[in-house]
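Pulled from TrEMBL, these are the features on record:
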DOMAIN    1-320  domain 'Aminoacyl-transfer RNA synthetases class-II family profile'
BINDING   E81, G82, T83, R113, Q127, E131, R258, Y262, Y263  L-histidine binding site
Amino acid sequence: MKVQIPRGTQDILPGQAKIWQWLEEKMREVTNKYHFEEIRTPIFEHTEIFARGVGDTTDIVQKEMYSFQDRSGRDLTLRPEGTAAVVRSFVENKMYGDPNQPVKLFYIGPMFRYERPQSGRYRQFVQFGVEALGSQDPAIDAEVISLAMNIYREAGLKNVHLVINSLGDKESRAKHREALINHFRPRIGEFCEDCQNRLEKNPLRILDCKVDREHELMKTAPSILEYLNDESKVYFDKVCQYLTDLGIEYTIDSTLVRGLDYYNATTFEIMSSAPGFGAITTLCGGGRYNGLVEEFGGPETPGIGFALSIERLIAALEAEQVQPDIHNGLDFYVVALGERAKDYSVKLLSELRNNGFSADRDYTGRKMKAQLKSADRLHAKFVVIIGEDELDAGIVQLKNMETGEQKEIKLATFIEEIKQFAV
Ligand code: HAM
């Protein structure tokens with residue numbers, strides 16, 4: 001049997017998991033302040049949700065999905081992203097009828113893409129994402145972006161910057177599309193097969209091609225910003241104005257098209273500029289997807305959101321050498337010597353835990369010195385020492401591991417006494 005983790009996945013071991021918990025807590029705290037509520041959707045959906053939602057000319061749908069048939073022949077896919085699934089749930093649960101609009105949702109969970117694994121790119125990764133559905137106010141665009149920026153700030157990152165673009169509304173995009181086709185068509189033979197297929201179906205995708213990135217026509221391609229109609233321009237200016245008001249610096253990049261098809265109007269990415277951060281510098285991506293709710297059979301409802309992966313956030317923390325503020329939870333380590341004392345410690349541990357303390361003991365029959373070393377390694381705040389003599393006398397020794405101070409405490413009043421100082 002091959003005892004090996006699948007390629008592109010990773011185990012989050014206990015020490016590392018503490019960092020994940022710390023980050024997840026930070027995300028929940030920040031998101032709570034912005035009044036977004038958690039939604040949990042299934043890990044797999046009908047394949048169609050992503051094929052139609054994300055778009056069947058995208059790399060994600062064409063090359064990266066973990067799709068399978070279940071025993072009844074249903075076509076299912078492990079979710080490669082969260083937005084299409086959240087919008088499916090929004091429509092199915094008629095959240096558009098909720099009197100509180102926009103509906104502001106967030107999620108944290110694993111996503112799956114069959115990509116070429118490298119630093120910062122996994123086949124299973126955890127996304128934290130938010131979606132605000134039901135508002136076409138540029139202030140919500142700024143709110144969503146500022147939420148993402150705040151998460152990075154709260155996590156302790158300094159070297160992040162925002163890149164923003166507008167893909168315009170339907171009318172602007174139609175004009176831009178035509179210009180792109182005219183631009184690429186005469187020399188499309190010089191492009192990869194994917195690009196050739198994309199020319200008529202979705203020429204915007206050509207701009208996102210990883211193979212032909214350096215082709216000269218890429219650099220001279222018509223910019224969407226020149227094709228924005230007045231309404232789209234005013235909207236985008238307003239988003240930028242709000243960002244400035246919030247003190248959020250940004251760069252406008254008209255080549256930012258994103259890898260998913262549902263986007264229109266505002267799109268953005270947050271990048272790491274930390275020296276030593278890997279080749280993939282995008283930490284977070286998002287934008288507007290007005291039209292997706294209708295695509296799934298709901299009423300006309302605008303939407304905007306973003307997603308970031310915890311893996312890339314942790315990589316950025318490492319690149320910036322940020323030390324997460326993580327405390328070890330152990331309050332008491334009980335050192336019990338002799339059979340009777342060990343039996344008693346079972347009850348004592350339970351009492352400590354029932355009174356809100358974290359507590360542990362040795363279960364491998366080690367000598368006192370080794371047990372004290374364990375307590376030290378586990379950063380226990382206090383050690384309780386019970387031997388047979390102590391038990392007969394109805395006392396325990398309590399050692400404060402920080403000060404080294406040791407004192408005797410009566411077993412009968414143990415919990416009451418420790419509550420005075422071990423809080
Ligand atoms: P996305 O740009 O495909 O957008 O992914 C968002 C973020 O997920 C990326 O910026 C990156 O942090 C992380 N990510 C993507 N692929 C991987 C991978 N293979 N390994 C590690 N991290 C990865 C979306 O998924 C959209 N649903 C975002 C969105 C939400 N737009 C609107 N609402």
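Each Cβ is built from the backbone N, Cα and C atoms, and glycine gets one as well.
Taking T83, Q127, Y263 as the candidate binding-site residues, the subset whose CB lies under 6 angstroms from any atom of ligand 1 consists of T83, Q127.
Here the Cβ of E81 (L-histidine binding site) has 21 other Cβ atoms within 10 Å, regardless of which shown protein chain they belong to.
For Y263 (L-histidine binding site), other Cβ atoms within 10 Å of its Cβ number 27. Neighbour counts were taken as the number of other C-beta atoms within 10 angstroms of each residue's C-beta; across the binding-site residues T83, Q127, the minimum falls on Q127. R258 (L-histidine binding site) has a Cβ environment of 19 other Cβ atoms inside 10 Å.
Among the residues E81, G82, T83, R113, Q127, E131, R258, Y262, Y263 said to bind L-histidine, no two Cα atoms are farther apart than 21 Å.
Q127 (L-histidine binding site) carries a strand DSSP state (E or B). Across the residues of the domain 'Aminoacyl-transfer RNA synthetases class-II family profile' (1-320), the predicted structure has a mean pLDDT of 95.
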